[in-house]
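Enquirer: The feature transmembrane segment is assigned by TrEMBL to 14-34, 46-68, 75-93, 113-133. Residues annotated as active site in TrEMBL: ASP103, ASP117.
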Amino acid sequence: MKLKQKKAINEKKIIASLAVLLVLIIDQFFKNFAENFVVTTCNRGIAFGIGGDFTILILIVVGLVFWILTQEKRFLPTIGLALIFAGGISNVVDRIYFGCVRDFITLGSFPSFNLADSAIIIGAIIMSFNFFAENRI
């Protein structure tokens, strides 16, 4: 592999690692802040209060996303996967320490959510745009 390609791959890994770290820190900070100043919801389901306790399945999915993230060499999919991974990890941290995911953002009648959920959705949108752009669908 050429030196330029290795440098580009390393830069993508650094950016992805920073994105994961930032999302994790910011999400956990705001969840802790919200518990003191806002009404929070303890979500024992998957996303938006759907389903039951799927901690093992979620850990498997987060692990799979991490593995794919380490294999990815393109920039946009790397960022999308990093956001999905970061959101997943932050919510798993909640499940382990609190027995549920702490949701604190409420918009009208839409189910409560948190910043980690937003990161997962944004990552999925980035992945979708990239997929459609590459496949010209």
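The backbone N, Cα and C atoms fix where each Cβ goes, and this holds for glycine too.
TrEMBL entries are annotated by machine, without manual review.
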Enquirer: When you measure from the Cβ of ASP103 (active site), how many other Cβ atoms are you left with inside 10 Å?
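Expert: Neighbour count, Cβ to Cβ under the 10 Å cut-off: 24.
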Enquirer: What count of other C-beta atoms do you get within 10 angstroms of the C-beta of ASP117 (active site), across all chains shown?
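Expert: There are 22 such Cβ atoms around ASP117 (active site).
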Enquirer: What is the interatomic distance between the Cα atoms of ASP117 (active site) and ASP103 (active site), given in whole Å?
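Expert: Here the two Cα atoms lie 9 Å apart.
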Enquirer: For ASP117 (active site), just give me the three-state DSSP call.
Expert: helix
Enquirer: Could you tell me what the rest of the chain brings near the transmembrane segment (14-34), counting residues at least six beyond its ends with Cβ under 8 Å?
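Expert: Result: 40, 69, 75, 78-79, 81-83, 85-87, 89-90, 93-94, 102, 104, 114-116, 119.
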